[in-house]
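**Student:** The following block contains the structure, expressed as C-alpha cells.
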Amino acid sequence: MFHTVIQGQFPITQNVTVVEGGTANMTCRVDYNDNTSLQWSNPAQQTLFFGDKKALRDHRIELVRASSQELTIRVNDVSLSDEGQYTCSLFTMPVRTTKAFLIVLGVPTRPEITGFTKPAMEGDEITLTCSTSGSKPAAIIRWFRNDKEVQGTLEVNATGKSFTVRSSLQFQVDKGDDGVAYTCSVEHVSLSSPYMTTEVLEVHYAPQLKITHSLIIPQEGQYFKLECVFIGNPIPEPVLWSKDGGDLPDIERMIVEGRELTITTLNKTDNGTYRCEASNHMGTSFAEYVLFVYDPNALGQHGPDHALIGGVVAVVVFITLCLIIVLGRYLARHKGTYLTHEAKGAEDAPDADTAIINAEGNHVHAEEKKEYFI
C-alpha cells in the first residue's frame, strides 16, 4: 500500500567501506513514518529485504533490525562482487529512494621476491621482482636495500576487480652486495601495517689481500709478525707464504700459522720481499711486503738527527730576533727624522726672536703630528 509523502519521510543512508571477507551493515532510516514499508535492494536491483521479510535467498545476508523508522541488514563474508550501489526505498506516493555505495577493499597477498640466485657471482646482472595480487585499489610496493629505500620499476595489471602489482630491481652485483638484505614492502589501505618479505643476497667474489706488520722499524733480534688480511667469498684457504719468489728459507725461525707468518728472531738475512697468496673458485690474489731489518747500533747513531732538528729551530729563532731588531731600528730612525724636519723652520729664521717663535710653533705642530710605533 502506498502512502502520501509527509515531511520527514525521506530515507537516509550512508556509504559503507569494508575489507574483503569482512561484514557490512547497511542501515536505512526515516525521521517519521506512518507504517510505510522500507526496502533494501542490491546493485542488480534484486530485493534483499522488504521490511522484515527476506526476499533473496543468500545465506550471507541477514536482518539486523526492522521497524517503522529503520531497516538494517548485514552482509557477511563480503566479496569484491558485492561492491556497488545499494538502494533503500520508502514506499510512499511517490516512492522515495536513497543510494548507498558499498566499497569493498581487496586485501593484497603477501609479497614474494623472485630472481635470487644463490649464490650470485660478482659482475652478474640480476633482476629481483616483488609481486602481490588481489589488491583493490592497487597496492603500493617499496624496495629497501638494507634500511635505505631504492626505486624499482612498477607494473600494474587488472585482474577482474582486483590488481596484480609487480616491482623490479635490475643491477650488476659486486662484492659490496654480499650480505645485503633486500626487502619488499607492500602497503595498502586494508592493512594496519605493511606486508614485508626480505631476501639476503650472497655474492661470490675473488679474494683481496693486504699484509699488516707488527713493527714499524724492524731491528735485528726482534720478534716480528706479518698477517695476511683478506676478504673473499668463499673464504680463500689456505694462505701460502713465500720469500723472494721461493719457499721460506728458515722454517725454524719462520713459523706459519694460518694467515700469520712469524719470524722469531730477525737478522739481516731476512731482508727481502714476502708474499702471501690465497685462492677460491673465483680467482687467486696476492699481496707483498718488503722487509728491511735495521741494525739497532746504526739506528743509535741517528741520534744527531734530533740535534739537527734542534739546530734548525735555533736558526729560525735567531733570524726572527734579528728581523725584530732591524725593524725596531728602522721605525725609530724614521720617527726621529720626522720630528727633526718639523723643527727645521728654526734654523732658517733670520734672527733669534723669529727662530724662537718658529721653534715654539713647530714644536706645537710636532706634538700634534707625532706618531708612535709599537
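The count begins at 1 with the first shown residue.
Using the three backbone atoms N, Cα and C, a Cβ is placed for every residue, glycine included.
As annotated in TrEMBL:
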DOMAIN    11-90  domain 'Ig-like'
DOMAIN    111-201  domain 'Ig-like'
DOMAIN    207-287  domain 'Ig-like'
TRANSMEM  307-332  transmembrane segment
**Student:** Mind tallying the domain 'Ig-like' (207-287) by DSSP state, helix then strand then coil?
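**Tutor:** Its residues divide into 3 helix, 45 strand, 33 coil.
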**Student:** For the domain 'Ig-like' (111-201), jot down how many residues DSSP puts in helix, in strand and in coil.
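**Tutor:** So the counts come to 3 helix, 57 strand, 31 coil.
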**Student:** Treating G and I as helix alongside H, and B as strand alongside E, what does DSSP give for the domain 'Ig-like' (11-90) in helix, strand and coil?
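**Tutor:** Split into helix, strand and coil, the domain 'Ig-like' (11-90) gives 3 helix, 40 strand, 37 coil.
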